[in-house]
Amino acid sequence: MSKSASRARLLEIIRRRSFGRGEVTLASGRKSDFYFNLKPTMMDPEGATLLAELTYEALKDDGYDYIGGLEMGAVPLAGAIAQISWIKGHPIAAFFVRKKPKEHGARLAIEGLTRDETLAGKRIVVVEDVTTTGGSAMKAVETLREAGAEVSLVFTMVDREEGAAEAFAAAGLSFRALYKAREFL
């Protein structure tokens with residue numbers, strides 16, 4: 001399937017499985033008359049594959065060492081993208097950032113690394129399913145930067161276009177999206 005055909009097919013899947021109308025309160029606290037819940041698309045075999053392939057194709061030439069983001073939305077995305085990257089011969093390892101470190105066991109804030117691995121000095125792309133103001137992604141970015149990671153890009157599946165681009169620019173981050181919310185409205 002061509003890139004444009006894959007993109008069109010994924011838009012259909014997101015519209016059917018993950019887009020809805022009705023008043024909701026977003027993670028940012030804002031009210032909206034439409035919403036995206038990408039988890040049904042991320043858990044669908046075709047949807048997950050298309051999300052991963054299109055994201056991988058957008059990132060493959062940028063030289064990233066790791067891909068990940070804040071739990072929960074980034075977990076299936078990062079795993080699927082890592083798998084596709086290995087299949088395509090250009091591995092990008094995955095991780096995820098906990099909203100708060102575990103209070104037992106190793107008490108980690110960043111999961112997916114071995115005891116000997118570090119993100120210090122590594123090129124990281126933060127990925128998320130839906131971005132509104134950028135607050136959730138910035139939590140991950142802050143944790144990663146504290147760990148010494150070089151975070152330069154936030155990549156989202158759907159940008160609601162409600163201030164995230166400006167917030168990321170102010171933090172010295174590039175921002176890219178597979179889709180803009182207006183493509184579904």
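Glycine is treated like the rest: Cβ placed from N, Cα and C.
Here Swiss-Prot flags Arg98, Lys99, Lys102, His104, Glu128, Asp129, Val130, Thr131, Thr132, Thr133, Gly134, Gly135, Ser136 as 5-phospho-alpha-D-ribose 1-diphosphate binding site, drawing on sequence analysis. Positions annotated as orotate binding site by Swiss-Prot: Thr132, Arg160.
Residues near Thr132 (5-phospho-alpha-D-ribose 1-diphosphate binding site) in space but far in sequence (CB under 8 A, at least 6 apart, same chain), listed by position: Leu26, Ala27, Ser28, Arg30, Arg160, Glu162, Gly163, Ala164. Ser136 (5-phospho-alpha-D-ribose 1-diphosphate binding site) carries a helical DSSP state (H, G or I). Other Cβ atoms within 10 Å of the Cβ of Gly134 (5-phospho-alpha-D-ribose 1-diphosphate binding site) number 26 in total over all chains.
Long-range Cβ neighbours of Glu128 (5-phospho-alpha-D-ribose 1-diphosphate binding site) (same chain, at least 6 residues apart, Cβ-Cβ under 8 Å): Gly69, Leu70, Gly73, Ala74, Leu77, Ser136, Ala137, Ala140, Val154, Phe155, Thr156, Met157.
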